[in-house]
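Beneath this line is the structure, given in structure tokens, with notes to follow.
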Amino acid sequence: MSRTVTNALGEPLSYGGSSTAWFSASGSGPLLYGTAGNDSMWADSSVDVTMIGDSGDDIYYLYSGVNRASEAPSAGVDTINTWMSYSLPENFENLTVTGVEGFGFGNSASNIISGGSGSQTINGGAGNDVLTGAGGADTFAFKRGNGSDLISDFGSDDVVRLEGYGFTSFDHILANVAQEGLDLKLSLADGEYLVFANTSADQLHANQFSLALDRSVLTQTFSDDFNTLQLSDGTSGVWDPKYWWAPEKGATLTGNDELQWYVNPTYQPTASANPFSVTDGVLTITAKPASQAIQAETNGYDYTSGMLTTYSSFAQTYGYFEMRADMPDDQGAWPAFWLLPGDGTWPPELDVVEMHGQDPNTVIATVHSNETGSQTSIASAARVTDTSGFHKYGVLWTEEEIVWYFDDAAIARADTPSDMHDPMYMLVNLAIGGMAGPPTDGLMGGAEMKVDYVKAYSLDADWHI
């Protein structure tokens, strides 16, 4: 009989039975089949293979992106074990991810999701899941509408990230917990709840919870919904289509190993490569291969793209800054929303969001500073289940602390550096290459960053983070 664990609803979830047959993909062909019994199927990192079980309780060990597992519906209790970040496919019940700083995401069923000895981000997805960190400082992420989950080993250095539930303070959390035997039950919304196994309320503390943005303390100071693109002409307009230090034909950031030239659409020799378009209230920034006709004007760069700044129109000290955007998922695309000092110095720099197109589950949040006398950076790579379509990317900058948000849920935080207390302006851009690496296909289909809006807010004078 297989071992089970009880989920938040009191339902038993199975770990699967013990294996009775073992298979290795080393030396196999592209397909490796199991038996009708309980199989252990071991991939090989150098073998491009799909392993296919049968009706038993199967466990698959995956070591690289060319290793795959496939199961039919209702064909036993099946588990994937991997060091890689992994999203559980349908028809699988359980997942173990052991890689440090990786993620393990469940599917629509009720899953058992486990981490390893290091830090992981664990999200059961839909269903009523059982989540185990298994050591390290883990992040357990939950989204409204995805069911009721149980954390089996919530530790003092673990964090719960709550998205869509409206909790804005630790006091709000404590007001919604109740002890039920050895377990602590947090009522969420719509009949959903989160159970902390073998935990009492006095074991919780505020820094274990990444909560929602409290918008009641914000006053809007800037908004562009992109019904049109208001380019600056020196006397009016909102957006500068080039860095303040760049010549009229535009520029790029050579120190970042970027592969694109930021085109200024008001510069006639490159106007044919205008990277900006507006449709139905959405600004699209397009990166694409540079035509030979303009490469003399773009210093021979292989790609063209666009960037916008509010250097000449808007800067602010502290507040909340937000962009709602649909990010590209193309290899080598490097979209960003960020802040720079209004006096033209660098550092500091505050990156609200950066992404690499080929890694859509990672939201990068960074603060750069010179407070130690040399340039330093504090970066966080927040793991999220889905960035397809439009999402909100924001940062709350206060005198004491910086907090980054994804869809109104806090995902990272850092102390405000001593040299970040002066007005900063906003930038939106789509780079190619650099940290994201080169495109694998020459970007023949182009890459698009779509921006629904950019907004900024000041903070109420008597509010503290």
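Using the three backbone atoms N, Cα and C, a Cβ is placed for every residue, glycine included.
Source: prediction; values computed, not measured.
Swiss-Prot has this to say about the protein:
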ACT_SITE  E349  active site, nucleophile
ACT_SITE  E354  active site, proton donor
DOMAIN    213-462  domain 'GH16'
REPEAT    33-50  repeat 'Hemolysin-type calcium-binding 1'
REPEAT    105-122  repeat 'Hemolysin-type calcium-binding 2'
REPEAT    123-140  repeat 'Hemolysin-type calcium-binding 3'
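According to DSSP, the secondary structure content of the repeat 'Hemolysin-type calcium-binding 3' (123-140) in residues is 0 helix, 6 strand, 12 coil. Per-class residue totals from DSSP over the repeat 'Hemolysin-type calcium-binding 1' (33-50), listed helix then strand then coil: 0 helix, 7 strand, 11 coil. Within 10 Å of the C-beta of E354 (active site, proton donor) there are 24 other C-beta atoms, taking all protein chains into account. With DSSP states grouped into helix (H, G, I), strand (E, B) and coil, the repeat 'Hemolysin-type calcium-binding 2' (105-122) comes out at 0 helix, 7 strand, 11 coil.
The average pLDDT computed for the repeat 'Hemolysin-type calcium-binding 1' (33-50) is 97. Around the residue listed as 'active site, nucleophile', a 10 Å sphere centred on its CB holds 20 further CB atoms from the protein chains shown.
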